């Protein structure tokens, strides 16, 4: 499912992501746009790992992909199958993103943040 920006903004806000760990809704909307194009089914492969869903949450560290050919054991820090990050229910994705942003790298764990989302965020307001 591809979300519309203001619909996604409302869902993120209702589930406590706006301002969570100092990250604004606009920053999240910008990051999610650049990571997945607001597509809850986005799946990308890079360097032997895979990234899943709206937030492009990475396997093997954050989720477990039982079908993966990765030789690295899964840490599964979010305690979730990667397939659950590819459905239209994004509440589990949001909870995992909260765990990620609380890590030392914070929002910079998402590579899109630095080049695209750390300055003028007016276009991401709803």
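Count begins at 1; order follows the chain as displayed.
Including glycine, each Cβ sits where the backbone N, Cα and C put it.
What Swiss-Prot annotates here:
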- 84, 87, 89, 92, 93: Ca(2+) binding site (BINDING)
- 6-126: disulfide bond (DISULFID)
- 30-117: disulfide bond (DISULFID)
- 63-82: disulfide bond (DISULFID)
- 78-96: disulfide bond (DISULFID)
- 1-126: domain 'C-type lysozyme' (DOMAIN)
- 47: N-linked glycosylation site (CARBOHYD)
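Spatially close to residue 92 (Ca(2+) binding site) yet at least six residues away along the chain are 78, 80, 84, 85, judged by Cβ distances under 8 angstroms. Residue 78 (disulfide bond) falls within neither a helix nor a strand when secondary structure is assigned with DSSP, and so counts as coil. Here the C-alpha separation of residue 126 (disulfide bond) and the residue listed as 'N-linked glycosylation site' works out to 36 Å.
Taken residue by residue with DSSP, residue 96 (disulfide bond) is part of a helix. For the binding-site residues listed here (89, 93), the lowest count of other CB atoms within 10 A around the CB belongs to 89. Between the CA atoms of residue 117 (disulfide bond) and residue 89 (Ca(2+) binding site) there is a gap of 25 Å, rounded to the nearest whole number.
Checked against the residue listed as 'N-linked glycosylation site', the recorded positions 63, 89, 96 differ in C-alpha distance, with 63 being the nearest. Shown in sequence order, 52, 57, 74, 76, 78, 80, 81, 82, 84, 85, 96 are the residues of the chain, 6+ apart in sequence, with a C-beta less than 8 angstroms from the C-beta of residue 63 (disulfide bond). Within the same chain, the residues at least 6 positions away from residue 6 (disulfide bond) whose Cβ sits under 8 Å from its Cβ are 126, listed in sequence order. Take the CB of residue 82 (disulfide bond) and look out to 10 A: across all protein chains shown you find 25 other CB atoms.
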